[in-house]
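As recorded in Swiss-Prot:
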| type | residues | note |
| --- | --- | --- |
| BINDING | Gly8, Arg11, Arg91, Arg137, Arg140 | CTP binding site |
| BINDING | Gly8, Arg11, Arg91, Arg137, Arg140 | ATP binding site |
| BINDING | Asp21, Asp23 | Mg(2+) binding site |
| DOMAIN | 228-329 | domain 'HD' |
Amino acid sequence: MKIYLVGGAVRDALLGLPVKDKDWVVVGATPQEMLDAGYQQVGRDFPVFLHPQTHEEYALARTERKSGSGYTGFTCYTAPDVTLEADLQRRDLTINALARDDDGQIIDPYHGRRDLEARLLRHVSPAFGEDPLRVLRVARFAARYAHLSFRIADETLALMREMTAAGELEHLTPERVWKETENALTTRNPQVYFQVLRDCGALRVLFPEIDALFGVPAPAKWHPEIDTGVHTLMTLSMAAMLSPQLDVRFATLCHDLGKGLTPKNLWPRHHGHGPAGVKLVEQLCQRLRVPNDLRDLAKLVAEYHDLIHTFPILQPKTIVKLFDAIDAWRKPQRVEQIALTSEADVRGRTGFEASDYPQGRWLREAWQVAQAVPTKEVVEAGFKGIEIREELTKRRIAAVANWKEKRCPNPAS
């Protein structure tokens, strides 16, 4: 029995990155020998065991053979005669097909170290094409390591295009697509994930609402980058710099979906694209089974982001109604989230990356003012039932009006 550290832990250690999870491969052992050594079996489809002390995963070396469609259509073979090289060959990328033995020696049969040094994401073997989920995984790795200047090897991108064109991605379940997307959205450069999907044709298959934005022009005065798809990825990049929150990043990604519905004869203007985009956000989220809290914020951002940009000319009544509409009284975090997505929208434009966004500050300040109006005083004044809410709204509007006159005057007044 020989045990090797494999995959991501070896890769990240060689890159000088923190190692989070460790995966191990056991060569020359049977399931019974693992159980006798105190390991606990947890794998259902193939033998995976938990270490009795560390609870890290130890998998018996295995090979895989394509036996059906999609990413689940594989038959696994596990036996003591399966070599480490055979186990590593089934992995997706050469940089993930690395192992380290007890003495610290690196086993690298597929030149993963060379590709690490060259900053290349390259597939190990033609078997890559048998698993459509790998298209998304490579896009996610491209996003994860973009800050280290990694790129996808030409032959790997070509294979990803072939897989997409062959309809392989249609076998992916919504849950797996969303899981990879969720992980990609939390990387330092989530926009790279969607750019890679577009480069191989997968964006049109998996995210048609986003793909439809490419080639749709916006007024050059407000959008020097012109293309709405380009703007969308720029705003996502900016959102990633502004916030680590998945909610903020996903909502920013979806903020302009409505522009994909604008008839060509009305280009480059997109009046009413905010409310129009709400249905597309709903459609995308329903198809991929996106969590409800992410969906709800994305719908609000789609509908109201342009309103936030006009904050200086908003009436106090409109501002308080906005807080009602986003349910800020029960979910106050939404004020900050919407301020951030709106800022990402403005700064996600060519030449505007370093722009100040005072509207975000004013939105936050107005919220603090409105929130500070005491409900207790309204109740103690004798108001009852629906009168309490009506009086509270009046007092909030008055408080915001007083604040706005001092801190955020209407430029037209």
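Cβ from N, Cα, C; glycine included.
Where Swiss-Prot records a feature, it is marked here on the structure.
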residue	record	CB count, 10 Å
Gly8	CTP binding site	18
Arg11	CTP binding site	22
Asp21	Mg(2+) binding site	10
Asp23	Mg(2+) binding site	16
Arg91	CTP binding site	21
Arg137	CTP binding site	19
Arg140	CTP binding site	24
When distances run from the Cα of Asp21 (Mg(2+) binding site) to each of the binding-site residues Gly8, Arg11, Arg91, Arg137, Arg140, the nearest one: Gly8
Rounded inter-Cα distance in Å - Gly8 (CTP binding site), Asp23 (Mg(2+) binding site): 8
Asp23 (Mg(2+) binding site) versus Arg140 (CTP binding site) - Cα distance in angstrom: 19
Asp23 (Mg(2+) binding site) and Arg137 (CTP binding site), Cα-Cα, nearest whole angstrom: 18
Other same-chain residues whose Cβ falls within 8 Å of the Cβ centroid of Gly8, Arg11, Arg91, Arg137, Arg140, the recorded CTP site, in sequence order: Gly7, Asp92, Leu93, Ile95, Asn96, Phe141
Euclidean distance between Cα atoms of Arg11 (CTP binding site) and Asp23 (Mg(2+) binding site), Å: 12
Secondary structure composition of the domain 'HD' (228-329) [DSSP: H/G/I, E/B, coil]: 79 helix, 0 strand, 23 coil
